[in-house]
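Working notes for the structure below.
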Amino acid sequence: SEGKGPKKKRKSSVDSSNDDAKRRASLVRDREREAAAVNDKESTQIETEAERLHRENVQIEERIARLTEEVHKLQYEKVTLREHIAEVEKKMEEAEKRRAEAEKRGKKKSKKKTEETSQDVVRLQQERRELELQRNELRSLLAEFKKESLRLNRAYKTMRSWKEHTDFEANRRLADEVST
């Protein structure tokens, strides 16, 4: 036993149980710290996600406002186009009446007057053709407006459903956070 160094003290059972208690307390504190860190990380992720969803929501609201404004403009232009088409059709009817009257007058007048009348008839027919072209152009423009209006309406509905989805997700995450 000599030369082997100092003898080690034997631990008493009290010392041993104190060490075990310290170790357990240390493990509990470590687990609590880890749980708090996980909670903080999850809270930060939830807050970040909530902020992202809020930004998306704001962007969607802005897009919806722009789409609504575009739809209102298109509706106004559509009404204006319809009024313009009605005016063109009215002018066409008036031109047709004047042409018919000019033809009647032409049959009753002298040769010189007949030439003038036939020139009037030709001019009125040309005016009618121009008005018909204008009316057809306006109608095709109106058809384009209708297509664009439908496209905007679909985009508006899509934006609304995205907004409802992001609202739902934000509320669900908030409820999850509150329940934990």
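Cβ atoms here come from the backbone N, Cα and C positions, even for glycine.
Worth saying up front: this structure is predicted, and the values here are computed from it rather than measured.
Here TrEMBL flags 1-11 as compositional bias 'Basic residues'.
The compositional bias 'Basic and acidic residues' feature in TrEMBL is assigned to 19-58 (among others). Sorting the compositional bias 'Basic and acidic residues' (19-58) by DSSP state (H, G, I as helix; E, B as strand; all else coil) yields 40 helix, 0 strand, 0 coil.
Residues 117, 120-121, 124-125, 127-128, 131-132, 135 of the same chain lie 6 or more positions beyond the ends of the compositional bias 'Basic and acidic residues' (92-104) yet place their CB under 8 Å from a CB of it. Per TrEMBL, compositional bias 'Basic and acidic residues' is recorded for 92-104 (among others).
The region 'Disordered' annotation in TrEMBL covers 1-58 (among others).
Look at TrEMBL and you will find 92-122 (among others) tagged as region 'Disordered'.
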Do any residues of this chain, six or more beyond the ends of the compositional bias 'Basic and acidic residues' (19-58), have a C-beta under 8 angstroms from a C-beta of it, and if so which?
11, 162-163, 166-167, 169-170, 173-174, 176-177, 180
Which residue counts does DSSP give the compositional bias 'Basic and acidic residues' (92-104) for helix, strand and coil?
13 helix, 0 strand, 0 coil
